Every structure is written in structure tokens, then in C-alpha cells.
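Visitor: Quick one: this structure, given as C-alpha cells, is what I'll be asking you about.
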Amino acid sequence: MVSLKVPMSHRSLVQPLKRCLAAASEQGFDTSLCDVHIVDGNCIEIYSSYGVKRIYLNDEEESIEPTEINITDSFSLRYCDDSQAATNHKKLQTQVVIGECRDGSEFDHWQCNGMKFQLCSSECIWNRDSVERHLSWVVVALCLDFAFEDAMVLARASLHSSYDVSRETWPIDVDAFPEVQMFELEDKQTTLIDNHSAFTSMDKTSLGLYLVVDDVKWIERLLNYGLKTVQLRIKDPNQSDLENQITKAIELGNQFHAQVFINDYWQLAIKHRAYGVHLGQEDLAIADLNLIKKSGLRLGVSTHGYFEIIRAKDLNPSYIALGHIFPTTTKEMPSQPQGVTKLRLYQKLIGDAYPTVAIGGIDLSTAQAVWSAGVSSLAVVRAITQADDIQLAIDSFYQIMALKPSTPLTTVHENVQ
């Protein structure tokens, strides 16, 4: 259940908010659990089971009385997140500038935890109507538990001229989405990545069932079962046999003609000529992506929402991983589970441009719903490694994946929290 409280001074937002909620409902979100109330106050508040999120408009946090939306060259708001989702990190409190025009483009930018985030759109369309539409999309996305950067990306995409302003439509067209950038504030230099050439490509159907394991012994065992895509994910960089495990994994991949990806340790992957490497978002900032590309390795990239997907697409990787779909205990996650509805939207955005891998808490009870989102591959861990009958579990996943993925016109609604 989500309670959305809008201050009296911004009551004009109620109708745009309802239109955005209707667009969300059409995509499968159960927005009936989101109540909108007009209240006295100086900020927009979103109450959910995770806590409270607040949006102060134009420094209203410092004001005794709320003010009307003030449109100047750009629109500024302060976002505060005291929800449970922020407890793993610092409480999020950041000043956001929206619609700053420079050199014929509009920029949205903000800083958080030593990082600067920036969105760039080639369309300059900032006016009062666009302010209300943008803000409404940000608020609704936060109600649906999208991360703040994803809410900003979605809101900016909603302003694209290709969408009918008289009827809100959930942004799907990739051309409507802004360019994204993220970098450390203290960085004096930025390594330029050759984005014009792609990493070694992969056929969409080649990934299949994708196993993620933490020991090379599992790789040998799984390849003997006939699996062709495996990732070695060793969390401890100080593990004494780390390089030996990676070397053995690569040798097994060559022996079985399998696709073995090395998680994180890209230097060792290059050294021993691995098939591919998989990197998380935090690793993209420190890895030598140009060297990985020149070495001919395939690159898989983890993503957890709109912002990271667009960032990944700009790198032209071999595949994009979408997660985590359901709660998982195999890895500590900084974000909330995405769920199948969001997964379906992410897949629509990516389309056929890249192979996609759904990952995170997937088992036989959920695999069919995930596969119906249209992804190229299912990544699993415990559903196979902890199965009583590993061969039966593998065959059961293959049976599900043999069905042609399809997105039904009517979907089971996912509750907002």
C-alpha cells in the first residue's frame, strides 16, 4: 500500500499523477493500492512499507509556507529518501536540477554519495506543462519503487515529442530516452571508451540456460551435464587458488566448447584468454574496457534499472543482464527486486539490440513468468546446484525455455509496496 500526499499548493498535480498511474496500470502495476491525498504541508510525501520519500520543490524545505511551482531557466527540487531501501547506504538527500539548457540540449543533473549523475536530451521543451508531467512521472515511478535515477530517466523520456501529451503513455521507444552519465566528483580525468565499435557479439539464442557458480568444480560438473554457458563468480579476491580456478575454468570451457564467463577479474580473464568477462556496474568505472574489447573477450554487464540499462547499451556489450528479479541470498544487492512487470518493460526497451539474461532468485516456480518477458536467457544458481536431481532440474528449465516467449495482452498485476 502506498499513500501519496500532495500539498495543497501543488494540487494541480493530482490529474497528471492519475494519468501516469493509469499508464502504469496498463503495463501491469497494481496502482489501485496507491492512494492520492491533498494535504497541508510543504512537500510531496510517498509513504510505503519501505518508509517515506519526500520531494521539496524549489527549496521549500527552508520555507514555512509552501510555494507554487516556479519555472525559471530550470527547475530545482530536493529529494530525500528515508525509506528502508536506503538503509544499506547513506540516506539519500540530493539537490536535483532539471531542464538546464546548454548548447541546444536539456540537462538534468544531481549529486549523491560522491557521484554526479547527468541526463541529456536533445529536445528543449521546458515549460509549465512539461514541469508537471516530469514531476508526475518522477513521483509515480517512486511510488512503484523505481530507484531515483530510474525515475528521472523515465520522466525525461516521457517528455519526448513522440508521445501524445493528452494521454500519458509509458515510455518504451529507446529514441525517447536520454543519454546518461555517471562519474565520481573527485575524478580529474575520464577514460574515454570507444563506444563506436561493439564488443564481440553473441547470437541471441546462444546463451540458453546460464549457470552462476562459485567454484570451478561446479563448472566441470555442469558442463558434463551438457550446459554450455557458465559464469565463475568468486567473491573473495584474496582466495588463495583464485588464478588456478580461473585458469581451470577457461580450460574446461575450451574442452567442452562452452561459453565460460569470468566475473570481475578481467585482468586474469585477459591473461588466460577467457571466452568472456562479466562486470557489475561498480566494476565498469575501474575496468579497462578498451583493453577487454581489444583482447576479443565478450562482455556481459549487470543492470538494475533504466539508468544502468542505458549506460550499458552505450558500451555496446555482448549481452545485458537484468536483475535482480526476485529476492536472492547469493549476493548482497543494493536495490529492491525488480519483479516481472519491470523486467518486461526493460526487455521492451532493449528489444533485439542485445541478448538479455534475467537473473536473481529464479527457480522452476517462477521461470515461466520470467521467460514470458521475452529475455534471451535465464541465469540460475541454487535452483540447479541445490536440486535433488540436477539433470531433472536442468531438463525442466529447458522445457520451459523451449516454449516461444510471448507477452500476454493481459498480465497479472504486481502490487506496489
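Cβ atoms are placed via backbone N, Cα and C, with glycine included.
Pulled the feature table from TrEMBL, pasting it below:
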{"type": "BINDING", "residues": "GLN231, LEU232, ARG233, ILE234, LYS235, ASN263, SER302, LYS331", "note": "4-amino-2-methyl-5-(diphosphooxymethyl)pyrimidine binding site"}
{"type": "BINDING", "residues": "ASP264, ASP283", "note": "Mg(2+) binding site"}
{"type": "DOMAIN", "residues": "212-384", "note": "domain 'Thiamine phosphate synthase/TenI'"}
Visitor: Cβ neighbours within 10 Å, counted over all protein chains: which one of the binding-site residues LEU232, ILE234 has the most?
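Guide: Comparing the binding-site residues LEU232, ILE234, the most crowded Cβ belongs to LEU232.
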Visitor: Mean pLDDT, the domain 'Thiamine phosphate synthase/TenI' (212-384)?
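Guide: Averaging the confidence scores along the domain 'Thiamine phosphate synthase/TenI' (212-384) gives 96.
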Visitor: Within 10 Å of the Cβ of ASP283 (Mg(2+) binding site), how many other Cβ atoms are there?
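Guide: ASP283 (Mg(2+) binding site) is surrounded by 17 other Cβ atoms within 10 Å.
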Visitor: Cα of LYS235 (4-amino-2-methyl-5-(diphosphooxymethyl)pyrimidine binding site) to Cα of ASP283 (Mg(2+) binding site): how many Å, rounded?
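Guide: On Cα coordinates alone, these residues lie 13 Å apart.
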Visitor: Could you state the whole-number distance in Å separating the C-alpha atoms of ILE234 (4-amino-2-methyl-5-(diphosphooxymethyl)pyrimidine binding site) and ASP283 (Mg(2+) binding site)?
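Guide: Just about 14 Å between their Cα atoms.
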Visitor: Which residues of the same chain, at least 6 positions away in sequence, have a Cβ lying under 8 Å from the Cβ of GLN231 (4-amino-2-methyl-5-(diphosphooxymethyl)pyrimidine binding site)?
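Guide: Same-chain residues close to GLN231 (4-amino-2-methyl-5-(diphosphooxymethyl)pyrimidine binding site) (Cβ under 8 Å, separated by 6 or more) are TYR210, LEU211, VAL212, VAL213, VAL260, PHE261, ILE262, ASN263, HIS278, GLY300, ALA379.
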Visitor: Determine the minimum-neighbour residue: among ARG233, LYS235, listed as binding-site residues, which Cβ has the fewest other Cβ atoms within 10 angstroms?
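Guide: Each of the binding-site residues ARG233, LYS235 was scored by Cβ atoms within 10 Å; lowest is LYS235.
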Visitor: Tally every other Cβ atom lying within 10 Å of the Cβ atom of ASN263 (4-amino-2-methyl-5-(diphosphooxymethyl)pyrimidine binding site).
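Guide: A count of 21.
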